[in-house]
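A short write-up of the structure that comes next.
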Amino acid sequence: MDPGSRWRNLPSGPSLKHLTDPSYGIPREQQKAALQELTRAHVESFNYAVHEGLGLAVQAIPPFEFAFKDERISFTILDAVISPPTVPKGTICKEANVYPAECRGRRSTYRGKLTADINWAVNGISKGIIKQFLGYVPIMVKSKLCNLRNLPPQALIEHHEEAEEMGGYFIINGIEKVIRMLIMPRRNFPIAMIRPKWKTRGPGYTQYGVSMHCVREEHSAVNMNLHYLENGTVMLNFIYRKELFFLPLGFALKALVSFSDYQIFQELIKGKEDDSFLRNSVSQMLRIVMEEGCSTQKQVLNYLGECFRVKLNVPDWYPNEQAAEFLFNQCICIHLKSNTEKFYMLCLMTRKLFALAKGECMEDNPDSLVNQEVLTPGQLFLMFLKEKLEGWLVSIKIAFDKKAQKTSVSMNTDNLMRIFTMGIDLTKPFEYLFATGNLRSKTGLGLLQDSGLCVVADKLNFIRYLSHFRCVHRGADFAKMRTTTVRRLLPESWGFLCPVHTPDGEPCGLMNHLTAVCEVVTQFVYTASIPALLCNLGVTPIDGAPHRSYSECYPVLLDGVMVGWVDKDLAPGIADSLRHFKVLREKRIPPWMEVVLIPMTGKPSLYPGLFLFTTPCRLVRPVQNLALGKEELIGTMEQIFMNVAIFEDEVFAGVTTHQELFPHSLLSVIANFIPFSDHNQSPRNMYQCQMGKQTMGFPLLTYQDRSDNKLYRLQTPQSPLVRPSMYDYYDMDNYPIGTNAIVAVISYTGYDMEDAMIVNKASWERGFAHGSVYKSEFIDLSEKIKQGDSSLVFGIKPGDPRVLQKLDDDGLPFIGAKLQYGDPYYSYLNLNTGESFVMYYKSKENCVVDNIKVCSNDTGSGKFKCVCITMRVPRNPTIGDKFASRHGQKGILSRLWPAEDMPFTESGMVPDILFNPHGFPSRMTIGMLIESMAGKSAALHGLCHDATPFIFSEENSALEYFGEMLKAAGYNFYGTERLYSGISGLELEADIFIGVVYYQRLRHMVSDKFQVRTTGARDRVTNQPIGGRNVQGGIRFGEMERDALLAHGTSFLLHDRLFNCSDRSVAHVCVKCGSLLSPLLEKPPPSWSAMRNRKYNCTLCSRSDTIDTVSVPYVFRYFVAELAAMNIKVKLDVV
């Protein structure tokens, strides 16, 4: 990862020259590196998970042992391999490799085969290795296992993909899914916290604690806490299989090492040797252990093993000491490999906890990005895979027991191979996780949530698609909290999280996006050589004694491992040396290492120490190191101890150490597309970040190869004349999202109030903002027949008058055919009976058949049973459709105004859009005014202006720059012109501000939302009109609407709408007893009777002359019946 190479070649300014280049549209030899970087964190984390990580995960799975017929059986997974996606054996095909486009088209999953080598042993003696198929697992597109890996753009196009296909997602049942990056606590770092709810965990507990999120190299995670008790002792708590356990700290320390009590005592009081309270507290913790009769390490291990083995499910022949070792390996500081390292880490956490409880140390903010990292897709994939491999071993034991109960089972390879096939299939758990985003786990995987882990990477437009891979979510549980602390924008997130790219609704502050320059570390590095380097620089090893007292030294931690101590006077020099090695790539120091020196201040502040981090999943970003003149990757924690300048005039010698690569590095990719965003009010930039993702544009170029449920397309897109340099850096002209429009700021009609806008009808007729919606429908005849029956195929019956000239001979509509409501849609035949069936087009919206794809099954042996019909629905702008500029100025099309009635300039120019001037004062979108002037000058001079934020200032005014350009072209300096009324032809008195603004058409269209009906379906229970636009239901009429009609004095209209036209019914009621349920119709008279008239009788009063009819809502009758079922009587007073 070269920290600065990406940003050394930023375009100096935008240009339109590539649009007129003869090679425009011809695929490049290589893909655009900038776009590929956006998904690199997703792809590389998955690459690590399926190669190095998978091997480490298999090694970390302990052998599964159980007893069978007085013998000890053990199964060990030696190796696991995931294969690239291929077709099954025996498939009829030309090529064995499966490509993503095929899975999208057939609505199947892009997956690879998982096989494992299982070693089985009897009484510790290996008997053989069995290679077993465990199921299919999803494969990330463009990863090392994907068949598209390293293909050039031309080859990608040949495989029906985008030339700039970025990957980073999974295809589950034909739908593109992205694993959402979640905020997690910083791994292997003790975080001091104060939580009042911890007092409820038991008697004597306080609100003070130190928490650590322990993560191994294969990403297995466990959360562990130290609690401070009122009596000065410490309690260790951890989670095993979603169950919370507590253990006095003294037992854990004694069990980890064979040190004497005095040595443990000395380690815990380091730096506070004269603190009598700490000495007494430590003595009390060790005394608790002695009171249980545990004076040696072996006795403590035996005691803990006896207490915990019932929850650990270890084999019966394990001694208690081994059970306790299993507990420490799986639950206590699992990121550390030796018990000695765990001992020193627990001692450090204890010292920090006492400092917190005594007010000598501040609490760490868990909501600050300093103490956070992100959950990458590869991390979740590997953790889930490891747990399912362990579950597969357990399922083999269950299958073994079931088999043994029915028949006698002998231990041999053939029997085991048959039993292995009875184990759980890993295909369904993975598909469920990716399809629903819900996690089914026995351990919880150390995560804070079990839902919302995956989202659909919908391609509404290309900007929305990009944002899925840069999104970072705080977590689903935090959305339910009433506190706002988790949503706050803290200064520590500068340069890592975009301050404006967050939703303005419920998820505000929870769903954030990485800045354009921010990167996620995805690589593991081995740090075995770093401790020796630290010792050479002056660090005292952990088992040595420093020259000064411990209170004058900093602890040194490397990735959560206590390395040693360093003199506080030497620490700054060591940190500078490490930073020098890091920037110059010397001494095998990785460039993404984080060097954090938290100094002693003499006041309650962060716990001091020298902390070094090389672990993955951290956020880093490049800045310019002024001393060395090179780019350096800095992390979230080390940034707060640096002095980073933004502009050259902010650099002070001896104080400033770093400088930003460019001023707009604090913005996300999407926010960088907003022109002159530094001139807008911040909420407007937030709105544009959201509306930019709702724009009709060009989400992709392979419309013919896609089978998405819905795709949008703008028919007449244009390249913006005014745009930031980042727009060209990401080649966004390949996926345009709007149109350059002539906008006049004038209140010309009464139809432009409340953000409404007038559009020139002639511009609309010429194609302004015309668009289409592509809708695809899968038709599978196998769903229409019984299982095992294969007699239905597409086709028509010759001479069938129902489909004459409407359907082709294959029973499908013609390509390009126009479909209206009631037209034949498709036809199929029953080969056994010869019967034909015709299905009709049911949508009220006219469409054109764009393309039809015939789909088969996985083995290529499917008959003509499944097709995908893609229809193109024209969606030209209509009154009520939503538009927006790139500055959060949204509005709806209120009127298509005839061109002859529109105002016009002296040169005869008629604006495309009339914008109400009242939209500017309160919104303060000065950037839109500047864009209007810049767009006007760009059109006049044939230029493309740079709208990158922060390039203008008070000294270098944008108004002066663009005003002079307009003046040079012969126009007014301030961008105004004299307009003439299109109605009277007279010159308007006021100067009208007119220019070119890039406008976006949003996906919110009246055609998708309008709902009206006269008669239709009714609910079977309440007899009221059903709701829902898709079923032609009625509109919702709520209490506020009712109050509005009452306030207008239209009560009769209210009675007609909500009663007569809803669920009016005539019911019989007994006037005497007031019952609505007791009147019943008499039994039918016998056939020989001369009386044929049947009357209503009250079953309570036994009278028929007291029955009357009333008009009541049908739902009221249902309500009375429900109350009667609860033994509640309703009595009516009939007047």
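Placed from the backbone N, Cα and C atoms, the Cβ positions cover glycine too.
What Swiss-Prot lists as region 'Disordered' is 1-24.
Summarised by DSSP class, the composition of the region 'Loop B' (194-208) is 6 helix, 5 strand, 4 coil. Feature annotation from Swiss-Prot assigns region 'Loop B' to 194-208; the stated evidence is experimental evidence.
Among the features that Swiss-Prot reports, region 'Loop A' is placed at 236-247. Proximity of distant same-chain residues to the region 'Loop A' (236-247), defined by a Cβ-Cβ separation under 8 Å and at least 6 residues beyond the stretch ends, is recorded for 201-202, 222-227, 304, 308, 311-312, 327, 330-332, 346, 442-444.
Through the fold, the region 'Fork loop 1' (439-453) approaches residues 179-180, 182, 184, 213, 215, 220-223, 239-242, 375, 380, 383-384, 387, 391, 429, 432-433, 473, 475-477 of its own chain, all at least 6 residues removed from its boundaries and within a Cβ separation under 8 Å. Residues or ranges marked as region 'Fork loop 1' in Swiss-Prot (evidence: experimental evidence): 439-453.
For the region 'Fork loop 2' (474-489), residue counts in helix, strand and coil come to 7 helix, 0 strand, 9 coil, using DSSP. Per Swiss-Prot, the feature region 'Fork loop 2' maps to 474-489.
The feature site 'Active site gating' is assigned by Swiss-Prot to Tyr687. In the three-state DSSP classification, Tyr687 (site 'Active site gating') falls within a helix.
For Arg1020 (DNA nontemplate strand binding site), the count of additional Cβ atoms within 10 Å of its Cβ stands at 7 [all protein chains shown]. What Swiss-Prot records for Arg1020 is DNA nontemplate strand binding site, and it gives experimental evidence as the kind of evidence.
The DNA template strand binding site annotation in Swiss-Prot covers Arg1036 and is backed by experimental evidence. DSSP assigns Arg1036 (DNA template strand binding site) to coil in the three-state reduction, outside any helix or strand. Under 8 Å, Cβ to Cβ, and six or more positions away along its own chain, Arg1036 (DNA template strand binding site) finds Gly1027.
A helical conformation is recorded for Ser1051 (phosphoserine) in the three-state DSSP classification. Of all the Cβ atoms in the protein chains shown, 10 others lie within 10 Å of the Cβ of Ser1051 (phosphoserine). The annotation phosphoserine is assigned in Swiss-Prot to Ser1051.
Residues 1107-1108, 1112, 1117, 1120-1121, 1124, 1129-1134 of the same chain lie 6 or more positions beyond the ends of the zinc finger (1070-1101) yet place their CB under 8 Å from a CB of it. Annotated zinc finger per Swiss-Prot: 1070-1101, in sequence order, evidence recorded as experimental evidence.
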Inset, instruction - Give the distance between the Cα atoms of Ser1051 (phosphoserine) and Tyr687 (site 'Active site gating'), rounded to the nearest whole Å. - result: 41
Legend entry - Tyr687 (site 'Active site gating') to Arg1020 (DNA nontemplate strand binding site) - Cα separation in whole Å: 43
Legend entry - Whole-number mean of pLDDT values that fall within the zinc finger (1070-1101): 83
Legend entry - Three-state composition of the region 'Fork loop 1' (439-453), taking helix and strand from DSSP: 3 helix, 0 strand, 12 coil
Inset, instruction - Give the number of CB atoms, excluding that of Tyr687 (site 'Active site gating') itself, located within 10 Å of its CB. - result: 21
Inset, instruction - Tell me the residue counts in helix, strand and coil for the zinc finger (1070-1101), as DSSP assigns them. - result: 0 helix, 7 strand, 25 coil
